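Q: Features from TrEMBL:
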type	residues	note
TRANSMEM	12-35	transmembrane segment
TRANSMEM	47-74	transmembrane segment
TRANSMEM	94-112	transmembrane segment
TRANSMEM	118-138	transmembrane segment
TRANSMEM	169-192	transmembrane segment
TRANSMEM	199-219	transmembrane segment
TRANSMEM	263-282	transmembrane segment
TRANSMEM	317-340	transmembrane segment
TRANSMEM	352-379	transmembrane segment
TRANSMEM	386-404	transmembrane segment
Amino acid sequence: MSSASKIDIKKSLVDAIVAGLLALIVFGPIVGVVLDGYSFNLQPERVAWMVGAVVVGRFLLSLYLQSAGGSGLLERFERGGSGVHVLPPDHRSAMRWVLPLVIVAAVIFPFFASKYLLTVVILGLIYVLLGLGLNIVVGLAGLLDLGYVAFYAIGAYGLALGYEHLGLGFWSVLPLAALAAALAGAILGFPVLRMHGDYLAIVTLGFGEIIRLVLNNWLSFTGGPNGMSVPSPTFFGLEFGRRAKDGGTPIHEFLGIAYNPNLKFLFIYVVLFLVVLLVLYIKHRLTRMPVGRAWEALREDEIACRSLGLNHVLVKLSAFMLGASTAGLAGVFFASYQGFVNPSSFTFFESALILAIVVLGGMGSTVGVVIAAFVLTIAPEMLRSFADYRVLMFGILMVVMMMWRPRGLIRISRAGFAPRKGVAP
């Protein structure tokens, strides 16, 4: 029997009609109702186009998935989303070629990029840092942290407050912010990491809101909703402005080049890229050390690990503190990039966005998180006309990923083990 004779047209039509009805119910009120001042206008033609596109698309997709090629693709997709992929012992990773190419592209990129594109990539790298940190907590250790943005805020406000009250600059605050965020993670984590699942999520969510409310209401210290200004970074005392403050020297005068307003962003980009590479290396090494194996073991079966003598609280605490310190670093770069911080930048939506990066990229997958961070930060910039529906899109994306690809776009891979010759398996 040919593959064409196996295709069920009736099933495809039913699937298409159901998808169209769901699109009409869920998206019809959003697409078809347009606000006009204090009134609204109905635009049924927009709804008709949207429903028609969904019906046709679902019908064609159903036909393709019933074909030989579609069935094979669906089988590979479902198989790829389950479990950890064990590679052959002699497997040579493609990353040994990809990583040098990425580094070369990153070095060349600033010479051809516009200011807008450079700032978008900087924002993407900041979210790469945040995604890597939360991936340690959620992806490797299995701890659901809904208040991760609090550590991000600690790093950002650490730079602003350090400059305002102590006269500290970018380079001094960078390691201090990581330590302060890690300390905050230890203070929060030690009493609450004995909790599990929903209880831990609620406590961390409350911690994130407490930090935001403190920043918003402590007017005399944090500036409240008015925020605080952040100094520009310097390089060995050389400033990136057209004119230096307090008798300093601008870097363009020191180098004898023409002034370029992008110099500050070029500097942030270079330092941030180096920090991202450092964090990637540290995470790569930790996942192959006993502590990294302990994180994953606790994620899979905490009772078995405790019966083997693992101190589950300290192992979880190490993941929590390392993830928090990474967020603190990201906060310093964000504050320098913005030149200003206020509490509205550290809402629960930021925690949800970072969690979406981890879920989309793959729990524990480093490459997946890096890709997802750029997708979820650059895509809104490319689709600004749909900015009002961003939260809705993230919610739909999370639901779809949990249903069809729970391990993320790129699953975790582990090298296989080949026993030595003459040794019984």
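The backbone N, Cα and C atoms fix where each Cβ goes, and this holds for glycine too.
What TrEMBL says about a protein is an automatic prediction, not a curated fact.
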Q: Looking at the transmembrane segment (169-192) and the transmembrane segment (317-340), are there 3+ C-beta pairs under 8 A, with each pair at least 6 apart in sequence?
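A: Yes, the transmembrane segment (169-192) contacts the transmembrane segment (317-340).
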Q: Residue list, the transmembrane segment (47-74) vs rest of chain: Cβ under 8 Å, 6 or more residues beyond ends.
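A: Long-range Cβ neighbours of the transmembrane segment (47-74): 3-4, 6-9, 11-13, 15-17, 19-20, 23-24, 27-28, 31-32.
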Q: Which listed stretch (94-112, 118-138, 263-282, 352-379) has the most C-beta pairs under 8 A with the transmembrane segment (317-340)?
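A: Maximum Cβ contact count belongs to 118-138.
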Q: State the non-local partners of the transmembrane segment (199-219) in its own chain: residues 6+ outside its ends, Cβ under 8 Å from one of its Cβ atoms.
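A: Distant Cβ neighbours of the transmembrane segment (199-219) are 143-150, 153-154, 157, 188, 192-193, 225-226, 343, 346-348, 351.
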Q: Taking the transmembrane segment (118-138) as the reference, which of 94-112, 263-282, 352-379 gives the largest number of Cβ pairs under 8 angstroms?
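A: By Cβ pairs under 8 Å, 352-379 leads among 94-112, 263-282, 352-379.
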